[in-house]
Amino acid sequence: MPATMTSRALLLVGVVLTAHKFLCTAYVGGDGFSVEFIHRDSVKSPYRDPSLTAPARVLEAARRSTSRAAALSRAYARADASSADGAVSELTSRPFEYMMAVNVGTPPTRMLAIADTGSDLIWLNCSNGAGAPAPAPPPGVQFNSANSTTFGLVSCGSGACRALPEASCADSKCRYLYSYGDGSQSTSGLLSTETFTFADDQGTRGDRAMRVANVSFGCSTTMIGSFIGDGLVGLGGGDLSLVNQLGADTSLGRRFSYCLVPYSINASSVLNFGPRAAVTEPGAATTPLIPSEVKTYYTVDLRSVKIGNKTFAAPQEYPVIVDSGSTLTYLANELVDPLVKELTQRVKLPPAKSPEELLPLCFDVSGVGEGQVAAMIPDVALELGSGGGATVTLKSENTFVVVHEGTLCLAVVALQFPPVSIIGNIAQQNMHVGYDLDKGTVTFAPADCARSSGSLYI
């Protein structure tokens, strides 16, 4: 095998499980399970900056989104360059938006990790007794495999090791190296197996847990540079992602969904697996997933953008990535320019200066009520699928955000990093978004996500 494992692309999307009580016996719910999905700026997040105002947090998220989109573009460029010889080298970006807590081993160790639909490999800050443990930044936790009765190592000849883009062998064990961004950050260790326990939500369904044995993950014992959290949980489309491993090891199938609570609401979002990930709300629109240069990413075909009776056609064969880890939505100039022009004509509010010229259109909403502003902004419809059969309607909360006190800006920007277009998480707020890898589809439905998550996570 090659001596080094190349960097993997990460679009960071993030996620958190609360500290539920775990049962000792195994339980797999027939209807699946749900876990808490916490934004990094939530009051429940240890990475929230209390000195920032709500608009300032949105602006920071927009800045992170730009860095993430750039990393995704580089990943696509590397995939294109590698396609001739069949190798795909993916670049990982550091910014993230959601986290989850994973419970690893027997007895379980609770670890706070980034959760990302743009990544596959699960890796955790780990000490396996071989060499110095990786330094864990506060409030970091290390997994000590010596304390677990269910820990195992993966051999070089295993399917999991072969699923890595590149790997090296050390005493017949599978070793990986992931480099981040410009290479100034990296993590490496041994590909391992362990039992993961997931607590289902409490309250209406009672206390119960799901236990999955032999989950393949990277046990990282060396880190260079600074890292946030205790590791990363990949939720992408590749073989090593948690979604695919749950589908292979349980009866849940390769299905998951989330319902993102708007930034302005002090409540957590929810992440569902198995049958519970079915999107059945009225107005649900389903579109096929299409092949992507990078298998990890969930990509759909965008046909056009509509405002009222105006339709703006997308470039031919126009793929867009559905990404919960990007804050902004990125589209081609051919779509953003007429969109900005049409909104400028329709929205009867005075213009405002864009902060750092980061966003293409801003309005002064000083003294105007939130409900009044929402009523003044028209819906924007995305037509998805080769036949245009799936229409996703974006309300004002999906297209505009307050980035300064009294300044409302469009959260859709012109594509800066061809050929990557992205439907970001602001566009997905108050939507139940479901991914079915078995059927090869993604479904969108309008939803009250704060109500869907219930009072469990408020």
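Each residue, glycine too, has its Cβ placed from N, Cα and C.
All TrEMBL annotations are machine predictions without curation.
TrEMBL annotations:
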ACT_SITE  Asp116  active site
ACT_SITE  Asp323  active site
DOMAIN    98-445  domain 'Peptidase A1'
SIGNAL    1-26  signal peptide
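Distance between Cα atoms for Asp116 (active site) and Asp323 (active site): 9 Å, as a whole number.
Averaged over the domain 'Peptidase A1' (98-445), the predicted model reaches a pLDDT of 88. Within 10 Å of the C-beta of Asp116 (active site) there are 32 other C-beta atoms, taking all protein chains into account. Cβ neighbour count for Asp323 (active site) (all protein chains, 10 Å cutoff from its Cβ): 30.
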